[in-house]
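Participant: Okay, so Swiss-Prot annotates it like this:
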SIGNAL    1-17  signal peptide
DISULFID  C44-C290  disulfide bond
DISULFID  C58-C63  disulfide bond
DISULFID  C126-C129  disulfide bond
ACT_SITE  S168  active site, nucleophile
ACT_SITE  D223  active site, charge relay system
ACT_SITE  H280  active site, charge relay system
Amino acid sequence: MRSSLVLFFVSAWTALASPIRREVSQDLFNQFNLFAQYSAAAYCGKNNDAPAGTNITCTGNACPEVEKADATFLYSFEDSGVGDVTGFLALDNTNKLIVLSFRGSRSIENWIGNLNFDLKEINDICSGCRGHDGFTSSWRSVADTLRQKVEDAVREHPDYRVVFTGHSLGGALATVAGADLRGNGYDIDVFSYGAPRVGNRAFAEFLTVQTGGTLYRITHTNDIVPRLPPREFGYSHSSPEYWIKSGTLVPVTRNDIVKIEGIDATGGNNQPNIPDIPAHLWYFGLIGTCL
């Protein structure tokens, strides 16, 4: 009897101490793949200065599912506002989507070298929250324009799903933008790939439970960028994390993705191993390489 009780409490403690892991459905896997391609398309220079109504295309087979859907541009922007925010707003009639895609940094090494760790209050998004100064300032500088563009698209297509997405810096911008516009009554899902931490623990907790859409935070093996800025500077990651455990240049399958729950959970990308830059460029294919 005593040994049974000991085993029970040990098992219970282990369950509490360890992050909860679950696999993803085939439908969600397909969405991860599609929005990774929308994120990849934002790196293609011609897609950031494209006339409205033209089709989204990519070099190097970076976005075949987007091309197959005959997605078109509603609006594109390049080097806008603070931090040279770049990307596009797209209409996908095949999948009934309105997609805002933010481009990531052109040079990962330079971005890491110039990364600042300053946090600023963002109480207009959530009480007690502090966000990365660069990410929040960049979003604020283009928010009015993009808010209006999204609003116009939703008015024209009220039954379409709204998705914000991006890789690296683009994922950080998509996360902040989604949190901000949900507060204005929009239903927005966010798919971020290899995104850095965007704020303090209060902000991470808010992102975890915020209504009006879902945040899908996807990471890959030991990608260096999701480990920045360091937790020692007051930063935290939201829950859950969808961690791709297969290696760089290895095709990703549904069984390679693990859903890990818990703010700042360990066992996914957040492990005590050597971080890797090439891992940052492989999310369901090469991402960030379209010119």
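Any Cβ shown, glycine's included, is placed from N, Cα and C.
Predicted, not measured: the structure shown is a model, and the values here were computed from it.
Describe the structural context of each listed feature in the structure shown, including burial, neighbouring residues and relevant distances.
Facilitator: Reduced to three states, the DSSP call for C290 (disulfide bond) is coil. For C290 (disulfide bond), the same-chain residues that are 6 or more apart in sequence and have a Cβ closer than 8 Å to its Cβ are A40, A41, Y43, C44, C58, T59, G60, A62, C63.
C58 (disulfide bond): 21 other CB atoms within 10 A of its CB, across all protein chains.
Listed in sequence order, A179, A202, F203, F206, Q210 are the same-chain residues six or more apart from C126 (disulfide bond) with CB atoms under 8 A from its CB.
Residue density at S168 (active site, nucleophile): 29 other Cβ atoms are found within 10 A of its Cβ, drawing on all protein chains shown.
In the three-state DSSP classification, D223 (active site, charge relay system) falls within a strand. Sequence-distant neighbours of D223 (active site, charge relay system) (same chain, 6+ apart, CB under 8 A from its CB) are G194, N269, P275, D276, A279, H280.
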Participant: Please report the Cα separation of S168 (active site, nucleophile) and C129 (disulfide bond) in Å, rounded to an integer.
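Facilitator: Counting only the Cα atoms, the answer is 21 Å.
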Participant: Let me know the most crowded of the disulfide-bonded residues, choosing from C44, C63, C129 and counting other Cβ atoms within 10 Å.
Facilitator: C63
Participant: According to DSSP, collapsed to three classes, what secondary structure does C63 (disulfide bond) have?
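Facilitator: DSSP assigns C63 (disulfide bond) to coil.
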Participant: Count the Cβ atoms, other than its own, that fall within 10 Å of the Cβ of H280 (active site, charge relay system), considering every protein chain shown.
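Facilitator: For H280 (active site, charge relay system), the count of other Cβ atoms within 10 Å is 26.
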